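**Student:** For reference, TrEMBL lists these features for the protein:
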- 35-487: domain 'Amino acid transporter transmembrane' (DOMAIN)
- 34-58: transmembrane segment (TRANSMEM)
- 64-86: transmembrane segment (TRANSMEM)
- 107-131: transmembrane segment (TRANSMEM)
- 151-170: transmembrane segment (TRANSMEM)
- 182-201: transmembrane segment (TRANSMEM)
- 221-242: transmembrane segment (TRANSMEM)
- 262-280: transmembrane segment (TRANSMEM)
- 300-320: transmembrane segment (TRANSMEM)
- 404-424: transmembrane segment (TRANSMEM)
- 430-453: transmembrane segment (TRANSMEM)
- 469-488: transmembrane segment (TRANSMEM)
Amino acid sequence: MLRVLSDFGGMPISSGPLSNRIGKDGESKESKGVSVFFCMLTLISTRIGGGIIGLPFASQKMGFMMSLLLQLLYIPLGFFSCWLLLEARTITGRASFSDLGIYSYGNISIYIINALIAIGNLGFSVIFFIVFGDVSGNLMTRFGVDEDSFFTSRIFTQSALGFILLYLCIQKHISSLKYSGLFTMFLCFVFVVLFFIHGMVSSHEPGIKADILNTKIDVTFFTAISTIFTSYGFQTAFFTAFQSLKNKTNRNGELADIWTRICIFTIFNVTVMIAYGLYGEDIEKNLLMSISNDSGVLPAVLEVIFILVPALAIPVIFYVGKEAMLIFVDELTRKSYSKQNTKKTPKIDMKVSPDIEAQNEGEKGAQYRVDEEGRDHAPKVEQPSIVPEQSSVDPLEYLKMKNWVYYLVTILCYIICVVTSIAIEDVSIFFGFIGASLGGFALWLGPGSFYIIGVHKEKVKLNTPLKKLAYFFAWGYVFIGLIVFFGLNICNVINLI
């Protein structure tokens, strides 16, 4: 699949500042950055913890086999979504959601897109704060601390975590957090192994054994689909992670995306199967709360391991959310992105005169030769003329804002996340609305529309069956995105009521 889409994706790169930084297939000429492996780990760390705690309950609501089939289907659909984003980048020379939004829909889109990304990723940070607070509070009661003590309360546990992670969450470059993904992946792997051992040795019997083939289509079923979108919805972090790559090629982006999907799919479904065997239909909305009801050493160890996962994942997830909010504020105060979008930059226009074109046509197929005196007998081309073209927006333009503004916005976002996590208890609320909103836009509507508009604006020729098929599917993604965005959010509201 990767090879087919990579070969299929060889459309020409448009001129502009971005094309000075990327070569054929989008290859960066810059030497600094991280490898595909670390890019993959960054993407994994943004979603893996949330999927582990939320997918077992969602799978129980959908039926295990139905959940498994939907996730299997989601892998190629998600990969094609990534391919559409990379192709839109290649066709247009635009290297971020904000830039593609400005190119496709105009300057107003920068507010809408970044508001969605900010709400989604800051909301996911809230999920991790909630998980940390619940699990750490339960751990303290295991070791004899009074359940009603201030030290087991969310106010203490989540505020303490917020204070500890503050320095990491105000970092200006995501590459500073590259090892966070490595440790998160390692901890999740250890968690799954120990959870499997716990499932083998535990004497716990579920009250009602789950029927893995049972599927009931109702409002709850559709809200559970939102959890799948949330658990696999690292699309909003894709360009942020991609910008940190040492070699920013389409192929490297595709590799990071597909391996991320395969890794988290494996870990998610192994966890779901173990949870099914242990708890049946008694699975809690937060898997860790089911584990906390078990007695013994292993459940306590599992809780200790998993309170480290939010601590490592929050800085990366929060980075994507606060970056979107900073772009929103920077555009609101300085108009920095819309101003860049109106700048002009030279473009080479390789037009030739009719006489020379006729001469070239007559000598078509002849090889260039240089005689003994070093004189070139190849066809001559006139000097290129200069014509204006729109430039690409620098994705990191917001870093040019004043330091006090950067830190004020970042810290305010951080405080809101911590306070919200203390006030709201039900993580499924965030899974539902984040999955519906970001799933509808980031997986379906955004990539499909960016690709379609890029093809039309840049007048890309769809001269092969595969390119025509991609264009057709891109339209399908647009329509599905609208249905997912509005339909699943309506289901979430009904389920909440």
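Positions of Cβ are set from backbone N, Cα and C atoms, glycine also.
Automatic, uncurated: that is what TrEMBL annotation is.
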**Student:** Counting Cβ pairs closer than 8 Å, which of 64-86, 151-170, 300-320 has the most of them with the transmembrane segment (34-58)?
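**Tutor:** Comparing 64-86, 151-170, 300-320 against the transmembrane segment (34-58), the winner is 300-320.
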**Student:** If you count Cβ pairs under 8 Å, which stretch among 107-131, 182-201, 300-320 touches the transmembrane segment (151-170) the most?
**Tutor:** 300-320
**Student:** Hey, would you say the transmembrane segment (404-424) packs against the transmembrane segment (107-131), going by three or more CB pairs under 8 A that are 6+ residues apart?
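**Tutor:** Counting Cβ pairs under 8 Å (6 or more apart in sequence), the transmembrane segment (404-424) reaches the transmembrane segment (107-131), since there are 3 or more.
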**Student:** Considering only Cβ pairs within less than 8 angstroms, which of the stretches 182-201, 262-280, 430-453 has the most against the transmembrane segment (107-131)?
**Tutor:** 430-453
**Student:** Does the transmembrane segment (64-86) reach the transmembrane segment (300-320), going by 3 or more CB pairs under 8 Å (6 or more apart in sequence)?
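**Tutor:** By the criterion, they do not touch.
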**Student:** Please work out which recorded stretch in 182-201, 300-320, 430-453, 469-488 has the most C-beta pairs separated by under 8 angstroms from the transmembrane segment (262-280)?
**Tutor:** 182-201
**Student:** Same-chain Cβ contacts of the transmembrane segment (430-453) under 8 Å, 6 or more residues past its ends?
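**Tutor:** Contacts of the transmembrane segment (430-453) (Cβ under 8 Å, skipping residues fewer than 6 from its ends): 50, 54, 58, 77-78, 81-82, 84-85, 87-88, 91-92, 97, 100-101, 103-104, 113, 116-117, 119-120, 123-124, 126-127, 223, 225-231, 233, 235-236, 424, 470-471, 473-478, 480-489, 491-492, 495-496.
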**Student:** Going along the chain, which residues at least six beyond the ends of the transmembrane segment (182-201) come within the CB cut-off of under 8 Å?
**Tutor:** 38, 41, 44-45, 48-49, 52, 263, 267, 270-271, 274, 277-278, 291, 294, 298-299, 301-302, 305-306, 308-309, 312-313
